[in-house]
Amino acid sequence: MEITLFDPIDAHLHVREDALLKAVLRYSSEPFSAAVIMPNLSKPLIDTPTTLEYEEEILKNSSNFKPLMSLYFNDGLTLEELQRAQEKGIRFLKLYPKGMTTNAQNGTSDLLGEKTLEILENAQKLGFILCIHAEQAGFCLDKEFLCHSVLETFALSFPKLKIIIEHLSDWRSIALIEKHTNLYATLTLHHISMTLDDLLGGSLNPHCFCKPLIKTKKDQERLLSLALKAHPKISFGSDSAPHFVSKKHSASIPAGIFSAPILLPALCELFEKHNALENLQAFISDNAKKIYTLDNLPNKKARLSKKPFIVPTHTICLNEKIAILRGGETLSWNLQEIA
């Protein structure tokens, strides 16, 4: 059995920087046609020049791959700065509530403040797409749910602004995207295939720790059903986020799952298991093209076959290991060719 996926798109990707970028980028740039690149670096991408500099670093270390750049939402995003970004082809803003995830210490503290709303108004006028890490302070399993009032306010206040709920993780959020025409979402491999049991049901597995948390069986099943039917308001976004094993085994574990090396084989396995392979093309590419109005992307064909693939346990950077999701396991699908 074989399947060919055309122009795979990752609508949420972390490729880090410097040596780590060089070590992990190929896992995404080779099989994927394009990816929405996250701006929460150690020095956040808060303006056009730093974003373009980072884009150039990605382009120098890849080929036939389109990084779709995003700006880190901050008070310095004046109308003039947004216009400058737009002129350079930057179409995405990423809003991080302060302290909610990795490198979000510079995030937005007042989500409904006057400055935030002013920036969103300008973003709407210019046709930007708002991507949001939709969590609010509160009990860890309710953080996304607690952000619903903010999401509703955004959706109603800015009806022409496309708003993406990144890495949807709570089944209660599904009603929001079905209620509001301008609300969309991305889904990760880990949120549609894993639960809290994978993180802490046996021994604590730090390599399954991410934000937002993987949640209950009910959440996983409801989100998986969206993916399997390629819900038209949902696109695939891996949120692949590599960390060194030494950090993952420390007393203060950073959030992030490095899934990039297994994405296409694991998705094929999952969709085949549920008799939904015919919908994988829409989930992995077609929906994103429509939602984000993407065209002129590099042409890619990823051919996969139903042959065993033993997942490497890790990759190496600077003599340090980076653990790969499902490392050591055997997947039933294998990436055979990229053209």
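Here the Cβ of each residue, glycine as well, is placed from N, Cα and C on the backbone.
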### Same-site Zn(2+) 2 binder from Lys88, Lys94, Lys115, Lys215, given that Swiss-Prot records His133, His167
Lys94
### Task
Among Asp219, Asp239, Asp286, find me the residue Swiss-Prot lists at the same Zn(2+) 1 site as His12, His14, Lys94.
Asp239
### Message
Going by the substrate site in Swiss-Prot, where His14, Val15, Arg16, His133, His243, Ala255 are listed, which of the candidates Asn40, Asn122, Asn275 is also part of it?
### Response
Asn40
## Note on the structure
By Cα geometry, the one of the binding-site residues (His12, His14, Val15, Ala255) nearest His167 (Zn(2+) 2 binding site) is His12
### Separation of alpha carbons, Lys94 (Zn(2+) 1 binding site) and Arg16 (substrate binding site) (Å)
16
### Message
Highest Cβ count within 10 Å among the binding-site residues Arg16, Lys94, His133, His243: which residue is it?
### Response
His133
### Query
Checking the recorded positions Asn40, His133, Asp239, His243, Ala255, which are within 10 Å of His12 (Zn(2+) 1 binding site) at the Cα level?
Asp239
### Query
Taking the centroid of the Cβ atoms of His12, His14, Lys94, Asp239 as the Zn(2+) 1 site, which other residues of that chain lie with their Cβ within 8 Å of it, listed in sequence order?
Leu13, Val36, Met38, Asn40, Cys131, Glu166, His167, Gly237, Ser238, Ala241
